[in-house]
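Participant: Before I ask anything, let me first share the structure, which is written out below as structure tokens.
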Amino acid sequence: MSQNTTIPVKVGVVLDLDAWVGKMGLSCIYMALSDFYASHGHYKTRVVPKIRDSKGDVFGAAAAAVDLVQIEEVEAIIGPRSSMQANFMIDLGSKAWVPIISFSATSPSLSSLQSQYFIRATLNDSAQVPAIRAIVQAFGWREVVLIYVDNEYGNGVVPSLTSALQEVDTHVTYRSAIHPSATDDQIVKELYKLMTVSTRVFIVHMLTPLGSQLFTKAKKAGMMEEGYVWILTDGLTDLLSTMDPLVIDSMQGVLGIKPHVPRTKELENFRVRWKRKFQQDHPKDETSELNIFGLWAYDAASALAMAVEKVWATNLSFPKTNISRNSTDLDTIGVSQIGPKLLQSLLSTKFKGLSGDFQIFDGQLHSTAFQIVNVIGKGERGIGFWTPKKGIIRRLNFTNTNPNTYSTSKDNLGAIVWPGEPTYFPKGWVLPVNEKKLKIGVPVKDGFSEFVKVTWDPNTNATKVTGYCIDVFDAVMGSLPYAVPCEYIPFGTPDGKSAGRYNDLIYQVFLKKYDAVVGDTTIVANRSNYVDFTLPYTESGVSMIVPIKDNKSKRPWIFLKPLTWDLWVTSACFFVFIGFVIWVLEHRINEDFRGPYSHQAGTIFWFSFSTMVFAQKERIVSNLARFVMVIWFFVLLILTQSYTASLTSMLTVQQLQPTVTDIKELQAKGEYVGYQQDSFVLEFLKRMNFDESKFRIYNSSEGLAELLSKGSANGGIAAAFDEIPYMKLFIAQHCSKYTMVQPTYKFDGFGFAFPIGSPLVPDVSRAILIVTESNEMVKIEKKWFREKTSCSDDNGSSLSSNNISLDSFWGLFLIAGVTSSLALIIGIAMFLHKHRVVVMGKDSAWTKIKTLMTLFDQKDLSSHTFRIPDQPYSGSNEPMAAVGASPSVTNCSPRPSTFSNQTNKDIPLSGEQGTSSSEHGGWSSITAGGQSSPEIVAANLNQERTNIPETSH
């Protein structure tokens with residue numbers, strides 16, 4: 001298409017043509033327009049760039065923008081290079097309806113000034129903040145220092161970065177703002193100031209050449225050695241390829257982030273073409289690598305050319321103003337007639353550019369990923385990526401098993417070379433170089449010297465600090481992966497007395513007089529307002545200690561103590577139940593369980609309880625009864641042996657009981673209580689509503705023993721309240737005289753105190769866990785506690801043991817109960833089956849019951865126990881007068897009962913015969929005709945009662 005058929009559209013370009021970004025940006029703009037119209041030769045419009053040099057100055061950029069709008073009447077402006085120059089141009093574009101497109105102004109502060117006519121064809125500096133936060137979180141750094149250039153560009157990102165770090169509990173301990181034109185001496189002075197703080201993680205946000213100055217001086221100052229961490233924002237990371245090799249050499253081990261640019265064939269081809277063209281246009285300049293600012297400039301020019309073509313359907317003219325071209329009155333500036341349409345066209349433009357997908361959201365580009373690089377050798381090496389959805393990842397094409405997982409793991413990064421090339425990642429802080437030793441405050445106290453003891457040498461006035469707490473602290477600090485020199489400073493007066501309470505000692509850390517406090521200092525809530533405590537290294541809680549007494553004497557009912565009342569009741573019930581079961585099973589076949597009713601009742605109780613000592617004389621002839629007795633003998637054996645052992649223990653071992661078991665008992669009786677001097681326990685007792693007039697103070701183990709031995713009525717105390725470590729030491733020293741009484745009131749134990757926010761706290765807490773779980777802690781406790789006690793572990797007296805309860809024997813009773821009940825059911829079932837004629841009869845239920853009871857009270861003559869000695873046992877289960885027997889059989893002589901114990905019976909033979917005849921007659925009466933007759937049974941029973949003596953029952 002010929003030149004006269006195209007429509008020129010003037011577009012201004014404001015850049016610093018002496019700076020590398022300006023030169024690179026301008027060449028990329030020219031190449032973008034050339035490439036665009038070469039591939040779209042049929043387009044009607046042609047963007048004609050009008051170049052202006054801002055000379056790196058804010059006023060120069062403003063003057064260039066006014067000239068372009070008023071004199072050249074441009075429809076849009078690409079630029080400026082820096083955020084400082086953008087403020088005025090944004091306001092000018094808003095007045096003239098001229099879109100301002102910047103590919104390098106990244107400061108977030110521009111967002112507050114942003115108008116709809118300002119388009120940021122680059123990333124906001126705040127977009128990289130989450131990536132920086134993820135890196136800091138991954139390595140667990142809790143403190144960082146911000147180093148930034150003191151201008152619009154540097155100050156813009158500080159608020160968002162500080163806020164983001166606070167979200168992961170990382171504090172910005174210092175902000176170092178360096179002037180853009182700072183001299184080498186000023187930079188060195190600032191660096192030495194940074195060396196005096198403990199934080200060693202530095203986040204640097206600035207551009208070249210100030211960044212090059214900073215790292216050159218930092219290397220000379222020794223701040224690129226082991227232990228330091230440097231993190232660059234994209235402002236410097238994107239320009240690493242433009243830096244001098246000497247500067248790169250001083251930045252070894254630095255981490256940086258920059259927007260990720262996908263590798264494409266088009267990009268690689270453009271790099272080659274751009275490098276060749278740039279060398280032709282700037283033969284005197286050293287060739288440098290193309291960076292992302294050049295790619296953004298290329299994409300911005302391409303997007304503008306597309307937008308112009310969309311809205312320029314006809315040749316629209318720019319309205320002229322009536323003022324002189326030399327006027328600078330901004331109030332008389334005209335407005336672009338196509339400005340609003342061009343703006344909307346730019347906002348809706350989408351394409352795949354050299355830097356990636358180009359699309360404007362909220363007036364600016366948005367990145368989908370940042371690359372994390374490590375400066376190594378002559379340049380940078382990628383070690384990972386960060387994305388908003390996945391966090392830190394090793395590769396962008398990595399497929400996670402859980403796509404919704406956001407990772408902040410340092411394991412997802414590649415190998416990192418840190419400054420100084422240490423074998424481990426830096427912890428992020430060290431002791432300040434101007435501090436030789438940590439000043440550790442220790443309490444001065446008279447008693448309980450096993451925990452902390454301060455001694456003075458009168459000749460040299462030197463102090464020596466020893467004790468359990470000191471040894472634990474030394475072991476903990478020795479287990480840290482770095483050396484921390486310490487100096488113990490007693491919190492005392494020149495005469496060796498304590499300078500205040502423990503709260504006063506803790507407050508000295510808040511006042512920065514001490515770097516830490518080590519001793520028997522308890523972790524309590526009000527103290528945590530002034531210091532940070534480590535994890536506790538002792539048992540926690542406050543308990544009550546009271547004297548104990550032996551209750552072995554004057555206890556006449558001690559024989560009842562071995563068993564609890566429920567076990568006594570259960571045992572008695574089972575004795576009666578077992579006796580009843582045996583009587584039921586033996587009554588009809590065993591003469592030992594027959595006789596008058598009173599005799600039978602006595603037999604039940606006598607037989608059952610005599611089995612307890614295995615002294616029963618009655619024989620057992622029933623197999624069911626024998627089975628029950630086997631189980632019952634087993635239960636009795638275990639029960640009696642347990643009772644004997646428990647009673648023996650109660651009679652031979654001291655039965656020590658506390659004199660007081662409850663706080664309410666102390667308060668009700670108005671007893672005196674004690675607490676250790678300067679202890680927080682005083683406030684605890686006040687909260688428990690104790691009368692303050694009933695308090696007495698002790699300051700040593702000996703003083704506590706004296707108060708407890710006197711008692712409350714004789715100027716002493718009835719109980720003392722103190723922390724568990726003190727109480728255990730006291731009890732170990734005084735053996736069986738005192739004991740701790742529940743409950744234990746929850747407190748957090750002893751801990752080391754450091755200033756709020758001290759980076760030592762997490763490391764020391766982890767070291768405490770290592771020491772307490774090792775054998776080192778056992779050695780320390782043995783050294784200070786077990787070797788100083790007056791009694792061995794097995795020399796103390798025991799408190800009274802628990803009584804034997806039903807819980808220990810319910811299984812045995814369950815077995816005995818089930819087997820006895822089963823035997824009883826079987827015996828009754830057998831009896832009912834034998835007399836099923838009565839059960840199945842048509843008489844009333846009450847008549848059947850009386851008949852069965854009468855039959856049960858009679859002897860079972862079919863049993864082998866009642867058979868005649870010279871007559872073989874037939875094995876029949878039926879009586880001799882069975883159903884259907886001939887009448888003559890009923891008059892036969894009865895079989896005598898068992899011959900044992902029968903020769904001395906007073907019962908006449910005629911009585912026995914009468915009994916037998918009556919019984920047999922009764923059976924004949926019942927079974928005659930196959931029907932039971934209550935009248936015949938009753939008559940036979942009456943006859944039997946008149947013929948048989950009473951003793952036969």
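Along the chain as shown, residues are numbered 1 onward.
Any Cβ shown, glycine's included, is placed from N, Cα and C.
Quick paste from TrEMBL:
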DOMAIN    437-787  domain 'Ionotropic glutamate receptor C-terminal'
TRANSMEM  563-585  transmembrane segment
TRANSMEM  627-645  transmembrane segment
DISULFID  Cys735-Cys791  disulfide bond
TRANSMEM  809-832  transmembrane segment
REGION    880-953  region 'Disordered'
COMPBIAS  887-905  compositional bias 'Polar residues'
COMPBIAS  912-953  compositional bias 'Polar residues'
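If you look at the structure here, what lies around each of the features I listed?
Facilitator: Mean model confidence for the domain 'Ionotropic glutamate receptor C-terminal' (437-787) is a pLDDT of 82.
Outside the transmembrane segment (563-585), and at least 6 residues removed from its termini, the chain residues within Cβ reach (under 8 Å) are 593, 600, 603-605, 607-609, 611-612, 620, 622, 624-625, 628-629, 632, 635, 639, 643, 646, 803-806, 809, 813, 816-817, 820-821, 823-824, 827-828.
Beyond its flanks by at least six residues, the transmembrane segment (809-832) meets 567, 570, 574, 577-578, 581, 584-585, 588, 622, 624-625, 627-628, 631-632, 634-635, 638-639, 642, 839, 852, 856 of its own chain at Cβ-Cβ distances under 8 Å.
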Participant: For the transmembrane segment (627-645), give me same-chain residues lying six or more residues beyond its boundaries with a C-beta closer than 8 angstroms to one of its C-beta atoms, as numbers and ranges.
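Facilitator: Hits for the transmembrane segment (627-645): 562-563, 571, 574, 578, 581-582, 585, 611-612, 614, 620, 804, 808-809, 812-813, 815-816, 819-820, 823.
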